[in-house]
Amino acid sequence: MDSGIETVDVIVVGMGPGGEAVAGELADAGLKVVGVEARLVGGECPYYGCIPSKMMIRAANVLAEARRIQELAGSVSVVPDFSLVARRIRAEATDDWDDTVAAKRFTDKGGLLVRGTGRLSGPRQVTVRRSDGGESIFAARRAVVLNPGTNPAVPPVPGLTGTPFWTNREAMATTAAPASLAIIGGGPIGAELAQMFARFGTHVTVVVRGPVLLPREEPEASALLAEVFDSEGIRVLFNTNVTGVRHSDAGFSLELSDPGTPELVAERLLVATGRATTLDALKLEQAGIDWDGKIPPAVDGQLQLTDGLYLIGDAVGAGAFTHMSMYQANIVAGHILGPGIVGGDRGTTASHAVPRVTFTDPEIGSVGLSEHQARAAGLEIRVGITLLADSTRGWIHKAGNQGFIKVVEDAGSGVLVGASSVGPCGGEVLSLLALAVHARVPVSTLKTMIYAYPTFHRAIESDLASLH
Ligand SMILES: Cc1cc2nc3c(=O)[nH]c(=O)nc-3n(C[C@H](O)[C@H](O)[C@H](O)COP(=O)(O)OP(=O)(O)OC[C@H]3O[C@@H](n4cnc5c(N)ncnc54)[C@H](O)[C@@H]3O)c2cc1C
Ligand SMILES: NC(=O)c1ccc[n+]([C@@H]2O[C@H](COP(=O)([O-])OP(=O)(O)OC[C@H]3O[C@@H](n4cnc5c(N)ncnc54)[C@H](O)[C@@H]3O)[C@@H](O)[C@H]2O)c1
């Protein structure tokens with residue numbers, strides 16, 4: 001409708017992983033739910049993030065394993081063909097960036113999907129500038145849930161704007177691996193895509209303004225990844241700023257602050273310098289929020305900004321991961337349904353055991369606090385670190401066996417407060433450590449567990465024995 005206000009139970013603005021989950025569950029429970037989506041139902045993860053990037057990485061890892069055949073099993077000729085990956089992403093992951101199936105999943109539950117951009121226009125009221133040019137206004141009896149996600153952040157580098165640089169979105173849509181690629185940023189996106197494209201034959205240079213890759217990880221993980229990148233021919237320029245960008249038919253030319261490499265030339269440029277929220281555009285002040293650009297601390301518990309207004313997903317700032325968006329969606333759905341409903345009231349958010357996995361090879365998984373964070377929090381800690389290559393399974397594995405397990409124990413309580421699992425299947429091995437940190441399992445109990453032989457996770461047993 002173009003006039004009047006339609007009253008519903010719940011309005012969800014932004015149908016990313018968390019928005020889609022909460023809207024779907026509430027619609028399933030019989031509530032009248034409006035989902036507002038400006039681009040694609042499902043958000044960044046299925047179309048431009050986790051899923052297509054992991055399909056690319058799966059293919060790149062197969063190439064890497066094939067190249068390891070000569071060290072372990074014979075000979076093979078490996079000829080990469082990126083078109084297979086591009087086809088798979090179109091056919092199986094993104095439906096050629098068409099969200100009809102995802103939209104139907106929601107509308108089949110009774111949800112009303114409104115395509116357009118939503119903003120708050122009052123307490124529990126949302127105005128939508130629809131994609132068809134019209135406007136709709138909705139009022140929510142129970143709640144408004146904001147799941148706006150993020151967009152790629154683009155740094156103010158002179159000359160960059162207006163060039164055909166890639167963000168993750170264009171990178172996921174490429175049909176060919178470029179001959180050469182410059183990447184600005186050595187976070188998870190930069191690191192994962194650097195190795196993936198390099199394994200398809202691209203000459204990759206990563207420009208990192210600090211001294212390490214993946215600065216949020218343990219220093220041992222960052223150092224190991226730098227070693228692996230070096231061994232795979234991926235060039236990393238540390239402590240380097242990009243001071244200018246030019247583009248011509250020949251490709252990109254980057255002006256660098258490094259006197260040793262003042263210019264970097266590449267066919268393509270990927271900007272992977274973090275994300276920017278769109279919270280400003282949601283007009284939180286219309287719902288009575290004293291908005292100063294910072295998320296109010298109240299959002300940490302019930303994810304409620306004010307009565308009946310919830311925020312979930314990357315914009316919360318508690319970890320920009322799909323699993324966090326879904327975790328928060330579950331808590332908010334429970335809160336909206338209320339304790340009287342079966343499955344209602346799912347408590348408040350806990351932040352002590354947030355896991356993450358960067359899908360480089362080796363995979364870099366971590367949970368909870370790093371050694372540095374635990375010390376900075378004033379904890380008296382014990383640390384253990386065990387190289388996978390020194391474990392039986394790592395030694396058997398041989399080619400591609402780089403990695404380690406690192407655990408951080410709070411000596412006072414005798415429980416693990418953080419851990420890293422780096423290696424082949426590092427993300428899978430992390431699960432045991434994530435459980436230990438989440439459930440605060442005493443280290444004395446973990447030490448009595450039987451660890452199957454010869455598994456990668458058995459290195460955890462040696463690691464616990466090495467705590468000091
Ligand atoms: C390359 C890449 C790889 C990644 N890999 C992983 C991974 O392996 N594992 C992992 O856990 N995470 C990964 N992530 C992160 C993951 O994609 C996000 O954490 C995830 O998408 C959750 O985001 P979200 O729920 O906050 O919303 P998003 O997915 O960002 O979706 C938000 C939606 O809201 C819509 N929207 C925004 N504002 C409005 C408005 N005003 N009105 C209407 N609609 C609006 C947007 O169009 C968008 O569709 C990756 C990200 C990238 C970029
Ligand atoms: N496997 C996963 O779970 C996965 C994979 C990819 C992305 N993600 C999520 O997406 C988020 C975004 O990833 P990202 O890698 O873009 O962001 P990021 O913020 O994690 O890393 C960006 C890096 O770019 C650097 N940087 C910023 N401005 C720069 C500049 N002007 N010049 C050079 N370097 C600059 C930053 O110092 C930082 O190290 C991640 O934080 C993560 O939460 C998750």
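Every residue gets a Cβ built from N, Cα and C, even glycine.
TrEMBL lists 9-328 with the feature domain 'FAD/NAD(P)-binding'. Among the features that TrEMBL reports, disulfide bond is placed at C45-C50. Sequence annotations record features per position, and here TrEMBL assigns FAD binding site to K54, G118, D314. The NAD(+) binding site annotation in TrEMBL covers G185, G186, G187, P188, I189, G190, A191, E192, G274. Annotated domain 'Pyridine nucleotide-disulphide oxidoreductase dimerisation' per TrEMBL: 354-461, in sequence order.
Features recorded in TrEMBL, as mapped to the structure shown.
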| residue | record | contacts (Cβ under 8 Å, 6+ apart) |
| --- | --- | --- |
| C45 | disulfide bond | G16, P17, I51, T322 |
| C50 | disulfide bond | T322 |
| K54 | FAD binding site | F359 |
| G118 | FAD binding site | I11, V13, G14, V36, A38, V126, T127, V128, L282 |
| G185 | NAD(+) binding site | V206, V207, V208, V271, A272, T273, G274 |
| G187 | NAD(+) binding site | L214, P215, R216, A272, T273, G274 |
| I189 | NAD(+) binding site | S53, N168, A272 |
| A191 | NAD(+) binding site | V206, L213, L214, L225, T358, T360 |
| D314 | FAD binding site | G16, G149, T150, R275, T277, A320, M324, S325 |
Residues in the domain 'Pyridine nucleotide-disulphide oxidoreductase dimerisation' (354-461) grouped by DSSP into helix, strand and remaining coil:
36 helix, 34 strand, 38 coil
Ligand 1 is in the model; which of the recorded positions C45, G118, G187, A191, D314 have a C-beta less than 6 angstroms from one of its atoms?
C45, G118, D314
G118 (FAD binding site) - helix vs strand vs coil (DSSP):
strand
Of the recorded positions C45, K54, G118, A191, D314, which ones put their CB under 6 Å from ligand 2?
none
Find the average pLDDT over the domain 'Pyridine nucleotide-disulphide oxidoreductase dimerisation' (354-461) in the predicted model and report it.
98
So for G274 (NAD(+) binding site), how many other CB atoms are inside 10 Å of its CB?
15
Most distant Cα pair in Å, residues K54, G118, D314 binding FAD:
30
